[in-house]
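S.K.: Swiss-Prot lists HIS117 with the feature active site, pros-phosphohistidine intermediate, giving sequence analysis as the kind of evidence. According to Swiss-Prot, the ATP binding site annotation covers LYS11, PHE59, ARG87, THR93, ARG104, ASN114.
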Amino acid sequence: MAIERTLSIIKPDATRRNLTGKINAKFEEAGLRIVAQKRIHLSLAQAQKFYGVHKDRPFFGELTEFMASEPVVVQVLEGEGAIAKNREVMGATNPANADAGTIRKEFALSVGENSVHGSDAPETAAEEIAFFFSGLELVG
């Protein structure tokens, strides 16, 4: 399997509860390396641009307001099959459907406040990483 990079966002519900370290431990235990990381506070306009693919979905306003409500941690994870592995570690979008031991099963408050975001494909991973990081910030 190829070495990949994927974007991970630790969302406001998790940063507010100081879960960054516990969440990152799960990524590292799964064999993913954190090759870039920063804590930022998105503006509403930035959140709307990042989640623009969902602009016509009914949850867009609630999602973007939530993502701009408090700081988030954006990071790049690297490893063999990193995109699929990250999604496995995160668990199902709805924590009620997530497997035991996943981030969302352990830490998510609801389907809306589900603690983490992860890229879903190589193309979106590249776009999402470039949204937050320059090449100089990626050290692996």
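Cβ atoms are placed via backbone N, Cα and C, with glycine included.
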S.K.: Taking the Cβ of PHE59 (ATP binding site) as the reference point, list residues of the same chain whose Cβ is under 8 angstroms away and which are at least six residues distant in sequence.
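M.R.: Set apart from PHE59 (ATP binding site) by at least 6 residues yet with Cβ under 8 Å, we have GLY112.
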S.K.: Only counting partners 6 or more residues apart, tell me which same-chain residues put their Cβ under 8 Å from the Cβ of THR93 (ATP binding site).
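M.R.: Looking at Cβ-Cβ distances below 8 Å from THR93 (ATP binding site), excluding near sequence neighbours, one finds ARG104, VAL111, ASN114.
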S.K.: Could you state the CA-to-CA distance between ARG87 (ATP binding site) and the residue listed as 'active site, pros-phosphohistidine intermediate' to the nearest Å?
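M.R.: Distance (Cα to Cα, whole Å): 9 Å.
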S.K.: Which of LYS11, ARG87, ARG104, HIS117 has the fewest nearby Cβ atoms, counting only those within 10 Å, among these recorded positions?
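M.R.: Counting other Cβ atoms within 10 Å of each of the recorded positions LYS11, ARG87, ARG104, HIS117 gives the minimum at ARG87.
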S.K.: Let's check the environment of ASN114 (ATP binding site): how many other CB atoms sit within 10 Å of its CB?
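M.R.: I get 22 for this one.
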S.K.: What does the structure give for the C-alpha distance between LYS11 (ATP binding site) and the residue listed as 'active site, pros-phosphohistidine intermediate'? Integer Å is fine.
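M.R.: Cα to Cα, LYS11 (ATP binding site) and the residue listed as 'active site, pros-phosphohistidine intermediate' are separated by 7 Å.
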